[in-house]
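Pulled from TrEMBL, these are the features on record:
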type: BINDING; residues: 17, 78, 88, 89, 163, 196, 214, 215, 224, 225; note: substrate binding site
type: ACT_SITE; residues: 87; note: active site
type: ACT_SITE; residues: 87; note: active site, proton donor
type: ACT_SITE; residues: 223; note: active site, proton acceptor
Ligand SMILES: N[C@@H](CCC[C@H](N)C(=O)O)C(=O)O
């Protein structure tokens, strides 16, 4: 890591999917994977499921083309330092940070992500709604992949929310085991970049609960893109397809860290609503920050 100036950080979460936030408007910080992993380390670092690198779109090569639509780019990194295309809880927390820092007015704003520009609404009650775009079902509507944990296997649906997901409906969330290692997903070529895996049970009509194993982070207390993928998989399983039906569908998705409400609109667009909290801010010790090995 390189920095002559003290490096600021914040800590935030959305339904307990927690993030280290590093404001870097001009994109001058070097954040190699080893530095991200060190910052996200829960014992030796700040701790988080991922890192939100806050950069002006105009200052980041991956976001420059979106600068006219969205001033700020969410350069999202997983806890292991890998790059992800999108983070649904992260983008809500990112918007909360912009509002708190006075970098965006209250109400509506746009955030550039690797999956495209996402529009966000900050409500007065603390909830944040993000327009997630439409889901892609690469293999059509039928379960097309298999998820295995130990002796148990389930048919699962491949749902892409900008990032990849395998959604398996199970009888009991405990059947996912301790999730200390990634569940096996077959065929492997369904996910050339790896995948997030969601295990889902029903809680009631249009109400489900999930556990998730995140690519690059392990089991987390919530995953926003995962909850959207689950909503779409549940709707299709229930015979609902808003774009074909011409009527929206709303599901409540319980995650270990809280609750998300997700609507698939008649135009196929998905809206996710949930809390987004900033809980701390500070300055990194310059020696600690400088000592991070480069990649
Ligand atoms: N927790 C996020 C998803 C973060 C990225 C994911 N681990 C991946 O690698 O795709 C969310 O809230 O969507």
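Backbone N, Cα and C define each Cβ position, glycine as well.
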Rounded inter-Cα distance in Å - residue 214 (substrate binding site), residue 223 (active site, proton acceptor): 8
Sparsest-packed of the listed binding-site residues (17, 163) - C-beta count within 10 angstroms: 163
Binding residues 17, 78, 88, 89, 163, 196, 214, 215, 224, 225 (substrate) - maximum C-alpha distance in whole Å: 16
Between residue 163 (substrate binding site) and residue 87 (active site): CA-CA distance (Å): 8
Cβ-based neighbourhood (8 Å from the centroid) of the substrate site, residues 17, 78, 88, 89, 163, 196, 214, 215, 224, 225 excluded: 50, 84, 86, 87, 90, 212, 217, 220, 223, 226
Cα distance (Å, whole number) from the residue listed as 'active site, proton acceptor' to residue 163 (substrate binding site): 11
